[in-house]
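What TrEMBL records for 51-92, 94-135, 137-178, 180-221, 223-264, 266-300, 438-479, 510-551, 577-618, 620-661, 749-790, 792-833 (among others) is repeat 'WD'. Sequence annotations record features per position, and here TrEMBL assigns domain 'EML-like second beta-propeller' to 101-264.
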Amino acid sequence: MWPPSETLVIHEAAPVMSVAFSPDGLHIVSGCGNNTRLWDVKTGQQVSEALVDNTGLVLSVAFSPNGSYIASGSGDKTICLWDVKIGHQVGQALVGHTGMVWSVSFSPDGNYIASGSDDKTIRLWDVKTRYQVGKALIGHTGGVRSVAFSPDGSYIASGSLDKAICLWDVKTGHQVGQAFTGHTDWIRSVAFSPDGGYIASGSDAKTICLWDVKTRHQAGKTLMGHTGSVRSVAFSPDGSHIASGSTDRTIRLWDVKTGQQVGKALIGHIAPVWTVAFSPDGTHIASGCNDKTIRLWDINIVQHVDKGSSGHTAFVRSVAFSPDGCCIASGSDDQSIRLWDVKTGHQVGQALVGHVAEVHSVAFSPVGGYIASGSDDKTICIWDVNKGQQVGNALIGHTGAVWTVAFSPNGSYIGSGSGDRTVRLWDVKTGHQVGQAFAGHMADVQSVAFSPDGSYIASGSDDRTIRLWDIKTRHQLAFSPDGCHIASGSIDKTIHLWDVKTVQQVDQALICHTDWVLSIAFSPNGSHIASGSVDKTICLWDIKTGHQVETTLLLGLMTKTICLWDPVTRHQIGKALVGHTGSVWSVAFSPDGSHIASGSIDKTICLWDAKTGQQVGQALVCHTDWVLSVAFSPNGSHIVSGSVDKTLRIWEVKTMHQVGQALVGHTDWVRSVAFSPGGSYIASGSDDKTIRLWNVKTGNQLEKVLIGHTGAVWSIAFLPNGSCIASGSDDKTIRLWDVKTGQQVDKALISHTGSVQSVAFSPDGSHIASGSIDKTIRLWDVRTVHQADQALVYHTDWVLSVAFSPNGTHIASGSVDKTIRFWDIKTGHQVGQTLAGHTDWVRSIAFSPGGDQIASGSDDKTIRLWDIINRQPTKCPAKHDDVPHGEFIMKNGWIQTSKHNSPILWVPYVFRQHVLNSHPFSIIFCSRPQIKLDFANGAMGFNWMMIQN
C-alpha cells in the first residue's frame, strides 16, 4: 500500500556503529561488534570473511579514496588498516591513543588517517609507515567523537563532547582560530561540504548546525526536527543535501539552502541510528543501527513523497479500523493521530494534534464518528472524525501513561488502562470520570475490552493477570481455579457464587459482612472463598456447604498495611520492625542469626533482635546522607556501611560506636559494601564506576582500584574463598575480579537487558545469581562464565535484591513489585506462594544463617522477618529415656563439645531443627528417616592419629 523507502536490509550480528561506501559505490563496510565486514550493495551478501583483530567494539570505519584499504577505529584504543583485496590486516595496529577511538578519516590523497578519541586528542597517521605523524592535536576538553578532512586535505575538523568544533592545520598541527561554538550539548558528528566551504555538525541537543569555514559563524538556521540525539551527519556528493541519523530511530534529509527537511523521515530502524553515509552517486543513503541492521534508502523516493501526506515521523504505536472498514486510524510517538484511506493508502485530512507526548492507543466509536486516543501525557482525547478536531477538553484523571482505550458497545463510555495500574470509566458526553477507578492490578494495565452487553470490562496487565470488573457494582469478579464458577462481592454486603455455563446463581448469597465487600479470592484448590470488607474483617467460606468457616477469622485495622497470615493458626506471622523514618535500602543478618542490621535513607543504621523484633540500642548516626548498604563482619563483631555521602564507616556492635575515621576515596555514592570471608578486607562498589578494597585494621585503601564497568556499581560479593569479587552494574554486566591482582577475570557476563542491581555467590562458589531491572533473576556458572539455564521470570517489576540460601539450593529475590519470591535452583521454578506484605519496593533481602528465615527491607520504612520453612512445629520425641542430654551443643551451625567448645560436625540447615542433645558418643537427628552418628570409636584433637591402631 505504501512503498517502502528502503531497498535493502542487511542483518548483522551486533549493533552497527559505523558504515561507509566504497568509492565505486559497489560495497559498504560496516563496524559491528569487534568485526569489520564488507557487503555487496546489490545482493546484500557479505563479501569474504569478517575482518577481525580489534579486541574492542569497532566504532568507526572508512574507505581509502582508491578503495584499496579500510581503516577501523575501536574501543580497544587502536586503529587497524585492512587490505580489501586479500582481506587481511596490514601490519600491526596503530597504537597511541589512551582512550576509545570513535572516528577515523582518510585524507583525500589517501596518505594519512586522522583519528579522534576519548583521550581528547586527534592524531595523524602515515598510511605507508603506519607511524604517528607529529604530536597529538590537543585542544579539546572533552572526548573527540568525530573527525573529517577538508576536501583539499589541508585541514581537519573535529567535534567533541566539550560542545565545540575545532579546525586544525594538517601541516603545522596547530589549531586554526577559535573553536566553533553554539551547540548546547555534546557534538557527535562533523562533516565537510564537498567544496570545503561549510561544516555540518550533529549534536545531543537534537539539532544540526551548518558553519561557514571562512567567517567561522553559523550559516543559516539550526536544522530542527529530530526528537533524539543526532549521532551522524553526511553531505550528499553535490553538497545540496545533508543526511542525519538519530537516536529517535529515524534518518532525515535536509535541503542545505532552505534548511528545510525534505520529505518525511525515513522510518524502519527499531533502535538508535548510529551512522549514515551517502553513496558516491548520491542516489542512496546507508544507515547503521543498534537494531543490528544496515539499511539502504532510495533518495528519489524520499524527495518525491507528497508533502501533504508525509505521514508519521516516529514509531506508530497503535492502529484501528473504522467500523465500515474504509479507514484506519494510527497513533504515533510523534504525538499525532492520523487517518488513512484503506484503498488509496493516502492520509485523509490533517493530522490530529493535541497530545503533548507519545500516543499509545487509538479506538473508533461504534458508529465511527469519533476516535479516542490515550497518551503518555496521562490523558485521553476524543476527536471528531468528520471535523478533524478535538471534542472538548482532554480527559484527566490517570497518574500514569494511558496505554489503552476502548469504547463501550453503545458508544456512551470509554474505558482506559494506565501505568498507574488502574482501569477508569469515562462518560463520552460530559468528559467526566464515572465513579472510582478500578484498582487491583499490581502493574501497568496494557489492554481493556468491554463485554458485548457492556456490563463488564476485562483488563490485561503486566502483572500477568486478566481481571474482570462489574461496571455497576464496580467490583472485581473472581474465577475459581477450574474456571467453572465466578464469585462476586458487592456494596450490598453479600457474596454471590455463579455457574459460568448456566450463568445462574449457585445457592443463596453468602452473608456475614456488615459493610461493603471490597475483595474476594478463591483458595488454590477451589474449596474456599476469602472475602475482605470495609468492616475491617476477612471471612472464609466453604463453597460446598455455603457456610462461613467458624467465626470471623482475621481481624485487621485500617493501618495502610498488608499483613501475612497463617491460615492454620490464624495469626499474623511476626511483626514488621518499625523504627526507621525513611526507606530501608539494606538489611543483613549477623553470622549467628541473632541480630539484623538495617541501613536507611534516614541516614542511620539500626540493629534489631531477630527473635523479639525489638531495636537494640540507639540508631547509629554519623553518615551525613542516605545509607545504601550494610554488612556484618564474619565474626559478627563489626558492621560496615556505605552511603550517599561517598564514605564507608565501620561500627563496633557491642559499643554501638564508630571505629576510627570514615573510609574516604570514592568520588560518588557508595552503593554496596562487603567483608571478605576472612574479615581482613572490605570491598565497596560505587556510582563512580569503581570497586575499591580497604584494609579493616588500618582503614587504608589498597592501591589497586578495580576499573572496568562503564556504569554505577550497584552490588558486590566475595567468592566464599575470598579470592574473587563479583560486581553488578548499571552497564548491564556482571564482572569477576581477582582480589590479588585487581584485574578482571575473563569476559563480562552479559545477558541482562537492564541495570544489574544485585549479585550473590552460591555457598560453594560455583554459581552467581543476579537480579536486574529487566525483571529477571539469572544464574551463572563461574567456571564456564556462561548463563546456566533460563532466566527466572515471575516478578512483575525490577528485581532489586537476590540471596542464596545457606545450603545453596534456593534463591530469594526482592522486587519493586513489593514481593519476595523463593526459587528452586534445580528446577528454576518458584517455590510456594509469593511473600507479600510490604507496601512499597523491597530493596534488600538476607537469609538467616540457619536458612529458615528471610529478612527484608523496604521503602515502606520497615524490616520484615519471614519464616520460609513449614510453620507447624516439627513432631519428634522430646527426649529419649536411654539418651542423656547436655554433652553436645550447636553454635553457628557447628556441633561442638560443651566442655571444650571444639567443633566436631557442620550441620546443614535443613537438619538443624531435628538435632537432639544426645549421648556423649552419638548425635541423633530426628529426621525422616532418623539418623544416628556414632562417635564411640572416634578421637579428637591430637588423639585422632590413634584411630589407625
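Placement of Cβ uses the backbone N, Cα and C atoms for every residue, glycine included.
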Exercise. Hey, which bits of the same chain come close to the repeat 'WD' (749-790), Cβ under 8 Å, at least six residues off its ends?
Worked result: 711-712, 714-721, 726-736, 796-804, 806-808, 811, 813, 815, 823, 825, 828
Problem set entry | Intrachain residues whose Cβ lies under 8 Å of the repeat 'WD' (223-264), provided they are six or more past its termini | 185-186, 188-195, 198, 200-204, 206-210, 270-278, 280-282, 285, 287, 289, 297, 299, 302-305, 307, 310-311, 313-315, 333-334
Exercise. In the same chain, which residue numbers or ranges, 6 or more beyond the ends of the repeat 'WD' (577-618), come under 8 angstroms Cβ to Cβ?
Worked result: 624-632, 634-636, 639, 641-643, 651, 653, 656, 840-841, 843-850, 853, 855-865, 891-892
Exercise. Which sequence positions outside the repeat 'WD' (792-833), separated from its termini by at least 6 residues, show Cβ-Cβ distances below 8 Å to it?
Worked result: 442-443, 462-464, 754, 757-764, 767, 769-773, 775-779, 839-847, 849-851, 854, 856, 858, 866, 868, 893, 908-910
Seminar exercise, completed: For the repeat 'WD' (620-661), the distant same-chain contacts (Cβ-Cβ under 8 Å, at least six residues beyond its ends) come to 582, 585-592, 595, 597-601, 603-607, 667-675, 677-679, 682, 684, 686, 694, 696, 699
Seminar exercise, completed: Across the repeat 'WD' (51-92), DSSP yields 0 helix, 22 strand, 20 coil
Problem set entry | Three-state composition of the repeat 'WD' (180-221), taking helix and strand from DSSP | 0 helix, 21 strand, 21 coil
Exercise. Do you know the mean pLDDT across the domain 'EML-like second beta-propeller' (101-264)?
Worked result: 92
